[in-house]
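Participant: Structure provided below as structure tokens; questions to follow.
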Amino acid sequence: MKKKNLITAALPYVNNIPHLGNLVQVLSADAFARYSRMMDIDTLYVCGTDEYGTATETKALIEKTTPEELCNRYYAIHKSIYEWFNIKFDIFGRTTNKSHKQTVQDLFLKLEKNGYITDKESEQFFCQQDQMFLADRYVTGECPNCGNNAKGDQCENCSKLLAPIDLINPKCIICKNIPIIKTTKHLYINLPKIKNELIHWMQTTEHNTNWNTNAIKTTNAFLRDGLKERAITRDLKWGIPVPKKEYENKVFYVWFDAPIGYISITKEISKDWESWWKNNKETNLVQFIGKDNILFHTVIFPAIKLGSKENWTMLGKLASSEYLNYEHLKFSKSAGIGIFGNDVITTGISADIWRFYIYYNRPEKSDFQFMWDDFMERINSELIGNFSNLVNRVLTFYKKFFGDKIDTIEIKEDFWKEINLKYDKTLNFFKQIELKSALKEILDISRIGNKIFQDKEPWKTKDSTPKKTKELLLNLIYLIRDLSILISPFIPHTSDKIRRFFGESYEISNKFLGTNLGLNTIQFTEVLFTKLEKELIDSLKLKYSGGKNMQDEQTENPINLFSEKVCLKVVQIKTIERNPDAEKLFILKLDDGTPDGKQIVSSLADYYKEEKLIGKHIIIVDNLKPAKFRGIKSEGMLIATEDENKNFKVIIVEDFKDNPIPGERIILESDSDKKLKLPSKISIDKFLKTQIVAENGELKVNGINLILEHSKEKILSREIPNGKVY
């Protein structure tokens, strides 16, 4: 068994204020680090800010400051928020530290020496006005997939990953002029050459038991599709300079330098850093990330280390989490939607309450919506009504009727057998980084304690059988001590407070669990928490919901919206041509049951060959406002399903319906007896707010099935049974 835990949380970008969803990784890693220390494992928890790259450079332009000044300001903001949340880093550093440049350049030179670096020419936007190549976020335009405004790396509206040259009507963000396409030269890491070593490492690291399901699926899909050489340089000023002739004016891509930041930040506090990072036999590297960062930690960072041919500590356990969202809305600081780290501090609600709720709902296997009403309910019922109630009622009752002194108890099986089994279960959940399950197991133990107190009715027996009643209460007091230890990774301030009740006579250590050690007196007691009041929660909900118009717009009932505003129809694909100005765009001529038919433009070339689609019946948004894509008119949008691993499939009607009829409308099952009007034209934004999903192979809006208007057959998604539909 490895003796040391080296724990990292994904380095947050330092160009914004973190919201609740951004805090999941640092909080998760903090809980695991505290558990690790509790188990007397040598532990180092490393994190810091990711400061280089386009996001920082463009944010500095917008705020009319320098990247250095921007990073200094946001680093201080991040640090203060994490301190308020009581996150116990061993170091919270920065990728602009002195050792980072040397560490990144040194690894690059080793990769080059070992033959893993190539160079290639590529086409990139160049701004003639500003005389510079434009990295992805320096370009804005229309998304070729949904027509919305998008940056050159990804469309925030439909989540489509993009390259800048995919954008329609591209513009430079600095001068707003139209850039030209120009050839530039970049360095690449040769991932195909490292593939065999990468796969061998994955097999020996037992990733199937040490990584969660989403990480395994995402990584295996990436490897199955074939590794490609990946650019590691960019035409920017704010970054680590490339130590190679002819590339002096370029910097390393932030995805290349950021993971190396874990190493360089460790160097800042430990001369003995190699005992952590070059000690694969004794050190277990545990990394906490969001699902959007999986491949950088399972493929890219390991490939960099393997390619250097040095004895690096490799990834052991990977804990990737899903997204924490806000009241079915998008977090937006400018619109006042959602609660951000600096807002949390001003609510008057303690850090441990926030920590408890985030762990209780940690998005381990699926996304989670933060809801104010649920927040109040869980805190009042679980943290206060269950855990805090046990601590308060037992200690105050004992102190009142039996005094301050705590006697040593005899550990009896009838009281402790079930509880000790639950201790083992809790510690195993911690070990497997199933933090939500660990917390809920602790709350189950607390419930057992409350039930024992209630069932035994010590208020009735204290006079008739005082010795037996005292023994019962003493067992419950030792149970409370154990709960304060087990729950300390989640709510450390509260755990310390309980320890102070007992004069801090024991440590946060697993060696005390289930024993009669470490308790002498109850020095004082007080209520741990007060209940959250509805008036406070309602005021916070209103405060962080955005302006009224925006709130009404974003929370419009999806069912009413679909019934009144959306018209989906079955169409047959008659012909497909490629757009001469954009090879990825198909021009589809459709039979929609009308004499003239329809034409739509869709970016399907990466997913389908023309012959696979011609003659098939698909579903389109029939009443979408017309748009032009690279000069070609589009009169609608086909709908497709995408799963969490970005697998994408067009919904083919033949998969579930014989002899489809072009022009037949798709409606909600609840509207099957209604006479529906044809709605007016709508924007893509309005359509996406209907939130159509595939659930167990069936298309639904808010749980209601979509069906064919005449045959009443359900609309199915055979190839991707669960995912979002757009």
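Glycine too: its Cβ is placed from the backbone N, Cα and C atoms.
The Zn(2+) binding site feature in Swiss-Prot is assigned to Cys143, Cys146, Cys155, Cys158; the stated evidence is sequence analysis. Feature annotation from Swiss-Prot assigns ATP binding site to Lys333. Summarising the annotation, Swiss-Prot assigns domain 'tRNA-binding' to 562-667 and lists sequence analysis as the type of evidence. Taken from Swiss-Prot, the feature motif ''HIGH' region' covers 12-22. Taken from Swiss-Prot, the feature motif ''KMSKS' region' applies to 330-334.
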Participant: DSSP on the domain 'tRNA-binding' (562-667): how many residues come out helix, how many strand, how many coil?
Facilitator: 11 helix, 51 strand, 44 coil
Participant: Could you give the mean pLDDT over the domain 'tRNA-binding' (562-667), rounded to a whole number?
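Facilitator: Averaged over the domain 'tRNA-binding' (562-667), the predicted model reaches a pLDDT of 89.
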Participant: Using a Cβ cut-off of under 8 Å, list the residues of the same chain at least 6 residues beyond the motif ''HIGH' region' (12-22) that approach it.
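Facilitator: Tertiary neighbours of the motif ''HIGH' region' (12-22) are 49-51, 55-56, 59, 70-71, 74-75, 77-78, 81, 94, 323-326, 331, 333, 338-342, 344, 354, 358, 370.
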Participant: In sequence order, which same-chain residues at least six apart have a C-beta under 8 angstroms from Cys155 (Zn(2+) binding site)?
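Facilitator: Within the chain, Cys155 (Zn(2+) binding site) has Cβ neighbours under 8 Å at Cys143, Asn145, Cys146, Asn148, Leu162.
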Participant: Tell me the Cβ neighbour count for Cys146 (Zn(2+) binding site), meaning other Cβ atoms within 10 Å of its Cβ, over all protein chains shown.
Facilitator: 23
Participant: Go ahead and report the DSSP secondary structure tallies for the motif ''HIGH' region' (12-22): helix first, then strand, then coil.
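Facilitator: Secondary-structure breakdown of the motif ''HIGH' region' (12-22): 3 helix, 2 strand, 6 coil.
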Participant: For Cys146 (Zn(2+) binding site), just give me the three-state DSSP call.
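Facilitator: Its secondary structure by DSSP: coil.
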